[in-house]
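Chemist: What follows is a structure written as structure tokens; I'll ask about it next.
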Ligand SMILES: [Zn+2]
């Protein structure tokens, strides 16, 4: 039988501890919202929320460029667009800390190196798991691929719903926001841009 003694010995559930000050802050927020943080259903909520936020913001613990460090230079003469689309992601807006839920399409035109296709999604998640605005998220993903794969072109399109707009404020469910960043030949050459956007479905 494996020993229960270890880093989690103070917490039999094996979950990472949440500092008191963080839990206090969440209790304050619950009170501010109008509820009683001491009622039974809310007793474990501060710790749960604290752990959830660590998970939402896991991107702060990594440099997304790490996912582009292993490249394949044997591309068999392939010099057409590589596209990953309908990549689901979740982020949080930095203005309201509310969910941003959407999908992304990421394309590049390789020169002499490509990456495993799942790596593009990992770069997206690395930047999405932070407090963001959609415009910066789009730009950061494109720039990271541009800098580390040195492709002839990069295009990133993100289509997302912002809970701060659908669940509060003007309350307009169904409205999505689309942002794009095109670089290199996708920016300078009209036909290349049209081709990639068409492949993406835009
Ligand atoms: Zn917002």
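Cβ atoms are placed via backbone N, Cα and C, with glycine included.
Straight from TrEMBL, here's the annotation block:
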- 93, 96, 164: Zn(2+) binding site (BINDING)
- 23-200: domain 'GTP cyclohydrolase I' (DOMAIN)
- 1-20: region 'Disordered' (REGION)
Chemist: Have a look around residue 93 (Zn(2+) binding site) and count the other CB atoms within 10 A of its CB, chains all included.
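Modeler: Taking all protein chains shown, residue 93 (Zn(2+) binding site) has 18 Cβ neighbours within 10 Å.
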Chemist: Express the predicted model's confidence over the domain 'GTP cyclohydrolase I' (23-200) as a mean pLDDT, rounded to an integer.
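Modeler: Mean model confidence (pLDDT) across the domain 'GTP cyclohydrolase I' (23-200) is 95.
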Chemist: Might you list, by sequence position, any residue in that chain lying six or more from residue 96 (Zn(2+) binding site) with a Cβ less than 8 Å away from its Cβ?
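Modeler: Long-range Cβ contacts: 163, 164, 168.
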